[in-house]
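What TrEMBL records for 5-254 is domain 'G-protein coupled receptors family 1 profile'. Positions annotated as transmembrane segment by TrEMBL: 56-79, 104-126, 158-180, 201-224, 236-256.
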């Protein structure tokens, strides 16, 4: 479902000229991130469940950890960029072509990817170089850093403080910016005289806020919740939200609740049908 939905969104935005706007340009990047994101954890997990092959090499674990942290951080920053896009579009519509031109969009996307990669490199290098002298069985369905730290011989409290600070940068700070942006957006929408414009703005904002809630809240709960108050079973259950459910639900939320996307789908399908005939 995640592969089909996100790949369809990427191709639809690429093929339909009417969706070549900053909002959908950012949305195509979100779908691309979710596409890679779901492939980082789920295939290996599914293989373990279906065939009983629950082992993973040390290098394989490092690769999985790198891609997971990269995409998790990048997506958090991209969602913040998307909230800024909606803020400018609704609160400063006349300035929108200047503030959200193609160059700004490209810089936002490159910035999200770059910060995600740099952050991931630091974490991956650390977890691959600390000594592991306990059981090599990770009590999780993927190579999650908190689950790996429980197997380390070295005292990792300093690193856990770094993870806490890192969570503030990639989770709490974007979340605060998003809430502030949408607070101003909702205030501007409330003052709108057009009923149709107000309805469209509410629909767009509610879709984005739904995605944000499913993504940020589980992350914040796991990485800001004291380790002594968490259990491995609880961590795995909460991780399902940001590793599996969010990539599955994102294209559903943005497509089924969006008339422009549904209209683009009909146009693209009509073009392919006319060519086939």
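Positions of Cβ are set from backbone N, Cα and C atoms, glycine also.
Because TrEMBL annotations are produced automatically, they should be read as predictions rather than curated entries.
In summary, the transmembrane segment (201-224) lies against the transmembrane segment (56-79): three or more C-beta pairs, each 6 or more positions apart in sequence, are under 8 Å. A mean pLDDT of 87 is what the model gives for the domain 'G-protein coupled receptors family 1 profile' (5-254). Long-range contacts of the transmembrane segment (158-180) within the same chain: residues 72-73, 76-77, 79-80, 83-84, 115, 119, 123, 126, 145-146, 149, 212, 216, 219-220, 223-224, 227, each at least 6 residues beyond the stretch ends and with a Cβ under 8 Å from a Cβ of the stretch.
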